[in-house]
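Enquirer: Swiss-Prot lists these features:
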| type | residues | note |
| --- | --- | --- |
| MOD_RES | 254 | pyruvic acid (Ser) |
| ACT_SITE | 254 | active site, schiff-base intermediate with substrate |
| REGION | 294-322 | region 'Disordered' |
| COMPBIAS | 303-322 | compositional bias 'Basic and acidic residues' |
């Protein structure tokens, strides 16, 4: 019954107004109160402030400043092998694997539509049918900037208005087409591994989604699909990003979905649902060049994995009582 009640709240609560309220509060300068809120947040979610460029919580004027805090340059080493794609975000893998024609795995026994995720853009969807996907959830404790898995030339960006359902174990199991219903920003890149989409998905209390080339994409929330295009590389006005370079950020967190063309990449074999991710670590390898099979993400301490799982609502430690 408790889970049924929680799920009902996802439909009943005014998620847009809650999100606006959270965004308003997170942007306010409140002196000692801001520091108190940040300190409580750090303690509750076990945020490792030693990784931040500014480890002193008093140095953040607003909660948003804290939430998008940059990390020290040395804490996320980048795998520089040109045949290896790297993880775009700190977080936990929700699902990953093969796109089955138009179906992407949302949760065990539940799929959603590739074409719906891409706002009905069947031409873009055709690039990724039978390709590969990875869905990464960023928990509240995580670094909330998103980076490039490989070198890329930006070709298209689409803002898709939508719902603001929370992303967690309960909604993934019970809200049909969750990621294709939520607000999102779709970024399409040309890469040496074929076309790649990197999709930033909103959720309840995600105050804004930003990119490095266009700034804040949402808000405002105008309720209409918006589309931008860019020229190929070497042309005036083109946008080129390097592997490991920041491409966007969330103010209050959510989900990143990566789509890769069929036959272009092999996911690292040890990765699975609930694997903890760190920016710059191996995610996939090229299918066209030999890469040593022992390539793996660097092992993480057990307490770091536990803290990440404890903070992630994707990990369901309670028996479902519905």
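Keep in mind that glycine also has a Cβ here, set from the backbone N, Cα and C atoms.
Values in this document were obtained by computation on a predicted structure and should not be read as measured data.
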Enquirer: When you measure from the Cβ of residue 254 (pyruvic acid (Ser)), how many other Cβ atoms are you left with inside 10 Å?
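Expert: By my count, 25.
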Enquirer: Please classify the secondary structure at residue 254 (pyruvic acid (Ser)) using three-state DSSP.
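Expert: DSSP assigns residue 254 (pyruvic acid (Ser)) to coil.
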